[in-house]
Amino acid sequence: MSQSVESRTRIKSERYESGVIPYAKMGYWDADYVIKETDILALFRITPQPGVDPIEASAAIAGESSTATWTVVWTDLLTACDLYRAKAYRVDPVPNVADQYFAYIAYDIDLFEEGSIANLTASIIGNVFGFKAVKALRLEDMRMPVAYLKTFQGPATGLIVERERMDKFGRPFLGATVKPKLGLSGKNYGRVVYEGLKGGLDFLKDDENINSQPFMRWRERFLYSMEGVNKASASAGEIKGHYLNVTAATMEDMYERAEFSKEVGSIICMIDLVIGYTAIQSMAIWARKHDMILHLHRAGNSTYSRQKNHGMNFRVICKWMRMAGVDHIHAGTVVGKLEGDPLMIKGFYNTLLESDTDINLPQGLFFAQNWASLRKVVPVASGGIHAGQMHQLLDYLGDDVVLQFGGGTIGHPDGIQAGATANRVALESMVMARNEGRNYVAEGPQILRDAAKTCGPLQTALDLWKDISFNYTSTDTADFVETPTANI
């Protein structure tokens, strides 16, 4: 609804008296606001500048991420400005942290273009993050209404269809990243792909920064990689794949590479998060049209997701990427070399895999979310994992995940094929023990030792990496609620 005559007169009068009205008084703060089912909700962690009231800071965030500027403008009176103003409706101190606050903000759905991550982010994480009134600002979580989600296609393939295409059920997918990630010739690269797949992996993959460099151009990589895929598939009698990274400088180049990946028989292609939201959505539309699985590497996310008080939590990226339409996204390992609190990672996985999620503060989920039947995204666990951790990986991450052992395959002393076999035997022995009703978490090391009695490559892997772990205190453990999370 538009403003009343009295309200317009008051605002106009105050503007001419001072030129500036506090954001809270301009209508961007409403403690009595009744949330609509169609509202988009955002939770920000704000650190106001000294002397700035947290309610005023929250109202400023609401204003600057929707319709406001630094002063009242008379053209507000030409719009339904009451409707279009975002409303900060709740501010809570962050427990056990001084001078930080959680600000809950509601946005009317009409503020955003349908089906556009770029337009959504231009408001939610736009200029507001440089606002001087706050020392730091972090987007912790969002709730997307069903009406808005229905304007997005969601994952191009999704978990269920991918399992059917791969004919893999009842266990995680197994993969590995080609190492070294840069410098191999095309022929040697294809040999790595072949050896890994022949040894028992389901997937090999390009890494995030292999595109089309002087030592190996993209077309050469695609041809040799698919030669390895086809030979290994024929040898093993299983469907296998290799994530061909089609990331490039322009969309024209990316489409050309994606089309060629399909022509040479690939079932999956890959992009990097750094290409941007519009390019990601464009590639997701292409992948659905061409029946291709679309893998997303989250390269670049830690530049804004690791800091506790500024940037954006990775769970928000998970939500946006499910909307955008990717089929895979790297989402953490818990036990590997990369950042990841166990409960936070569980929250990421639930965001990608569940049809409905409830509020769960230890997992960092501040809002309940109905996913409006969007397909499930397969989380990918990679970075510093090896066969000796298989019981932990299965316990923390479950079946619906791609476990990628890069160094844990290619670093095996007996060769790549032996490394792949070690991982396949470790996984299948653990899944079998679980299905038999054994306490595979407590008995995990013994289960692996028993399996290694008849699998030399697994024994070698266990001997080599038995003491390898990455026990660092996580930077992303919840500080706003007590959790049982240990440093694992």
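Each residue's number is its place along the chain shown, starting with 1.
Even glycines carry a Cβ here, placed using N, Cα and C.
Classification of His330 (substrate binding site) by DSSP places it within a strand. The Cβ of His330 (substrate binding site) has Leu296, His297, Arg298, Pro379, Val380, Ala381, Ser382 as same-chain neighbours under 8 Å, each 6 or more residues away in sequence. Marked as substrate binding site by Swiss-Prot: Asn127, Thr177, Lys181, Arg298, His330, Ser382.
Reduced to three states, the DSSP call for Lys179 (active site, proton acceptor) is coil. Shown in sequence order, Val192, Asp207, Gly406, Gly407, Ile410, Gly411 are the residues of the chain, 6+ apart in sequence, with a C-beta less than 8 angstroms from the C-beta of Lys179 (active site, proton acceptor). Look at Swiss-Prot and you will find Lys179 (among others) tagged as active site, proton acceptor.
Per Swiss-Prot, Mg(2+) binding site is recorded for Lys205, Asp207, Glu208. Under the DSSP three-state reduction, Lys205 (Mg(2+) binding site) is assigned to strand.
Among the features that Swiss-Prot reports, N6-carboxylysine is placed at Lys205, with the record citing sequence analysis. Sequence-distant neighbours of Lys205 (Mg(2+) binding site) (same chain, 6+ apart, CB under 8 A from its CB) are Gly175, Ala176, Thr177, Val178, His242, Tyr243, Asn245, Met270, His295, Gln404.
Around His297 (active site, proton acceptor), taking its Cβ as the centre, 26 other Cβ atoms fall within 10 Å, counting all chains. The active site, proton acceptor feature in Swiss-Prot is assigned to His297 (among others).
Swiss-Prot lists Lys337 with the feature site 'Transition state stabilizer'.
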Enumerate the residues of the same chain, Lys205, Asp207, Glu208 excluded, that satisfy the criterion Cβ within 8 A of the mean position of the Cβ atoms of the recorded Mg(2+) site; list them in sequence order.
-> Thr177, Val178, Lys181, Asp206, Asn209, Ile210, Tyr243, Asn245, Met270, His297
Whole-number Å distance separating the Cα atoms of Asn127 (substrate binding site) and Glu208 (Mg(2+) binding site) is 29
Expressed in Å to no decimal places, the gap between the Cα atoms of Lys181 (substrate binding site) and Glu208 (Mg(2+) binding site) is 8
Asn127, Thr177, Lys181, Arg298, His330, Ser382 bind substrate per the record; greatest CA separation between any two, in Å, is 37
Secondary-structure category, per DSSP, in which Asn127 (substrate binding site) falls = helix
What is the total of other Cβ atoms whose distance to the Cβ of Asn127 (substrate binding site) is within 10 Å?
-> 10
